[in-house]
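Q: Can you read through this structure? Questions will come right after.
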Amino acid sequence: KVYGRCELAAAMKRLGLDNFRGYSLGNWVCAAKFESNFNTHATNRNTDGSTDYGILQINSRWWCNDGRTPGSRNLCNIPCSALLSSDTIASVNCAKKIVSDGNGMNAWVAWRKRCKGTDVNAWTRGCRL
């Protein structure tokens, strides 16, 4: 599923991401835009053999099990395929673990490069939330 900006903001808010660990909803919507272009089915292979999955491009080396990443830690205790679900519940629940892990949203390269230090509130502006 490819979400609309406000549609995703509403879904993320409903799932408790607004101000989770101090990150406003705009941060999450911005991260999703630049990680997956709001597409829940996005997958991208990395040079180390791991793969990033779903709307927040969660990595199989650390966070989920895809059955083909050597030494996968699966810290979210889920199959990576769950991260491709159109309802985003698994992605959001795993993202909460990731952002609580010590590096905050810096765990997402796209957030660090494209969202951090910008006016992320623009990502939720005009949305009925």
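Placed from the backbone N, Cα and C atoms, the Cβ positions cover glycine too.
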Q: Please work out, from what Swiss-Prot records, which of Cys76, Cys80 forms the disulfide with Cys94.
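A: Among Cys76, Cys80, the cysteine that Swiss-Prot links to Cys94 by a disulfide bond is Cys76.
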Q: For the disulfide involving Cys115, grab the partner from Cys30, Cys64 as Swiss-Prot records it.
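A: Disulfide pairing in Swiss-Prot: Cys115 with Cys30.
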Q: Spatially speaking, which of the recorded positions Asp52, Cys64, Cys76 is closest to Cys6 (disulfide bond)? Use C-alpha to C-alpha, please.
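A: Going through Asp52, Cys64, Cys76 one by one, the closest to Cys6 (disulfide bond) is Asp52.
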Q: Just to verify a number: CA distance, Cys64 (disulfide bond) to Glu35 (active site), in angstrom, no decimals.
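A: If we compare the Cα positions of Cys64 (disulfide bond) and Glu35 (active site), the gap is 17 Å.
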Q: Under DSSP, the domain 'C-type lysozyme' (1-129) has how many residues in helix, strand and coil?
A: 53 helix, 14 strand, 62 coil
Q: On a count of neighbouring CB atoms within 10 A, which of the disulfide-bonded residues Cys6, Cys64, Cys115 is highest?
A: Cys64
Q: Looking only at Cys30, Cys76, Cys80, Cys94, Cys127, the disulfide-bonded residues on record, which one has the least crowded Cβ, with the fewest other Cβ atoms within 10 Å?
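A: Comparing Cβ neighbour counts within 10 Å for the disulfide-bonded residues Cys30, Cys76, Cys80, Cys94, Cys127 gives Cys127.
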